[in-house]
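Input: a single structure, listed below in structure tokens.
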């Protein structure tokens, strides 16, 4: 009953778990969640350092109550009664690595965490940040299916950073206020599967073909831009924490009954021939209320979609096969 009480009461009292809370993304993400009036309880889990992170955050004068859990034997307790679970756990990229190079390590981590979610809070909204997102979402879905608790409307691959970057880069080029720019980004969350829909941007913007091509490539490779700039010291953590928090707040707003909440995310989809695909989604009390689809694409964007399908299908199959072959 408690689980549904806050849906009905409309109070901002959500219990949110961060799995991987001590990491490069996990710490700033937990800070942003602690700072939000939407969060009543913050449950932090990691394999090391969580008591320190929890103690530190618990001194902040906002009402979210913070608890830290450490190690595999405390994972179940961390998840009990959670309404939203955000998963930034996993290893970051190093220079020269693709997101797919992280596959074996992160696939195992995500499968283990999804297993615990399925057993402890199967109704929760699950927001996956762990790369490669194109494969970790199929992994999460297949694990949930094994327990018979899979709900495609509640499992999200967080691609928000692609939208945040597109907004920032477009605003920079056009001299606009970034807070007012909105560029939908569809497809997946790696390289050429990242498809910014500049033709659907608000406010409306136009670029000559060569500039559009360069801008699209910059959005697709922005993660690598950060990996290179950090020179071995990590990947995008601060911007990812911001994007992860933005997406989580949208989910919480929608769960609290706010109307018209739209975010792009990588989800189970019938919009293309790929089983999973990111498009703008109308969020509601129970997760995805409506998939808003691809909208009207330019010829340039149609080509980007056609180019992405093969890679996306491969990544999806890779994730599904991983779970099928799990011991």
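From the backbone N, Cα and C atoms, a Cβ is placed for every residue, glycine too.
As annotated by TrEMBL, active site, proton acceptor applies to 189. Under the heading NAD(+) binding site, TrEMBL lists 20, 21, 22, 23, 24, 25, 26, 46, 106, 129, 130, 131, 240. Summarising the annotation, TrEMBL assigns substrate binding site to 93, 99, 131, 165. TrEMBL lists 15-157 with the feature domain 'Lactate/malate dehydrogenase N-terminal'. Sequence annotations record features per position, and here TrEMBL assigns domain 'Lactate/malate dehydrogenase C-terminal' to 159-323.
Here the binding-site residues are 130, 240, and the one whose Cβ sees the fewest other Cβ atoms within 10 Å is 240.
The distance from the Cα of residue 131 (substrate binding site) to the Cα of the residue listed as 'active site, proton acceptor' comes to 9 Å. In sequence order, 93, 131, 132, 133, 134, 189, 190, 191, 223 are the residues of the chain that are 6 or more apart from residue 99 (substrate binding site) and have a CB within less than 8 Å of its CB.
A straight line from the CA of residue 106 (NAD(+) binding site) to the CA of residue 165 (substrate binding site) spans 24 Å. Once the Cα atoms of 20, 21, 22, 23, 24, 25, 26, 46, 106, 129, 130, 131, 240, the listed binders of NAD(+), are compared pairwise, the greatest separation found is 18 Å. For the pair residue 130 (NAD(+) binding site) and residue 165 (substrate binding site), the C-alpha distance works out to 18 angstrom. Around residue 24 (NAD(+) binding site), the same-chain residues six or more apart in sequence whose CB sits under 8 Å from its CB are 92, 234, 235, 237, listed in sequence order. Ranking the recorded positions 93, 165, 189 by how many other Cβ atoms lie within 10 angstroms of each Cβ puts 93 at the bottom. A simple way to gauge crowding: the CB of residue 20 (NAD(+) binding site) has 26 other CB atoms within 10 angstroms, across all the protein chains here. Counting other C-beta atoms within 10 Å of each candidate's C-beta, the binding-site residues 26, 106 are led by 26. Put simply, residue 165 (substrate binding site) is 20 Å from residue 26 (NAD(+) binding site) when counted between their Cα atoms. In this structure, the C-alpha atom of residue 240 (NAD(+) binding site) lies 10 angstrom from that of residue 165 (substrate binding site).
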